[in-house]
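These features come from Swiss-Prot:
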MOD_RES   P2  4-hydroxyproline
DISULFID  C5-C19  disulfide bond
MOD_RES   P11  4-hydroxyproline
DISULFID  C12-C22  disulfide bond
DISULFID  C18-C27  disulfide bond
DISULFID  C21-C38  disulfide bond
MOD_RES   P29  4-hydroxyproline
MOD_RES   W33  6'-bromotryptophan
MOD_RES   F44  D-phenylalanine
Amino acid sequence: GPSSCKADEEPCEYHADCCNCCLSGICAPSTNWILPGCSTSSFFKI
């Protein structure tokens, strides 16, 4: 859940590291209204 996510803009390697681990390797804010905690941009790793 979100409680286990790193803060936004923190480095990430896997999707589990943060709510949205994007291809840049940085945690991003949640941007998906339908699936909170998921981003509409690509994950670095699922």
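Note that Cβ sites are derived from N, Cα and C of the backbone, with glycine treated the same way.
Fair warning: this is a prediction, and the values are worked out from it, not measured in the lab.
Recorded features from Swiss-Prot, shown on the structure.
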residue : record           : DSSP class
C5      : disulfide bond   : coil
P11     : 4-hydroxyproline : strand
C18     : disulfide bond   : strand
C27     : disulfide bond   : strand
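If you compare Cα positions, C18 (disulfide bond) sits closest to C5 out of the recorded positions C5, P11, C12, P29.
Around C18 (disulfide bond), taking its Cβ as the centre, 28 other Cβ atoms fall within 10 Å, counting all chains. In this structure the C-alpha atoms belonging to C22 (disulfide bond) and C5 (disulfide bond) are separated by 13 Å. Ranked by CA distance from C12 (disulfide bond), the recorded positions C5, C19, C21, P29 have C21 at the top as the closest.
The disulfide-bonded residues considered are C5, C19, C21, C22, C27; of these, C22 has the fewest other C-beta atoms within 10 angstroms of its C-beta. For C27 (disulfide bond) paired with P11 (4-hydroxyproline), the C-alpha to C-alpha distance reads 6 Å.
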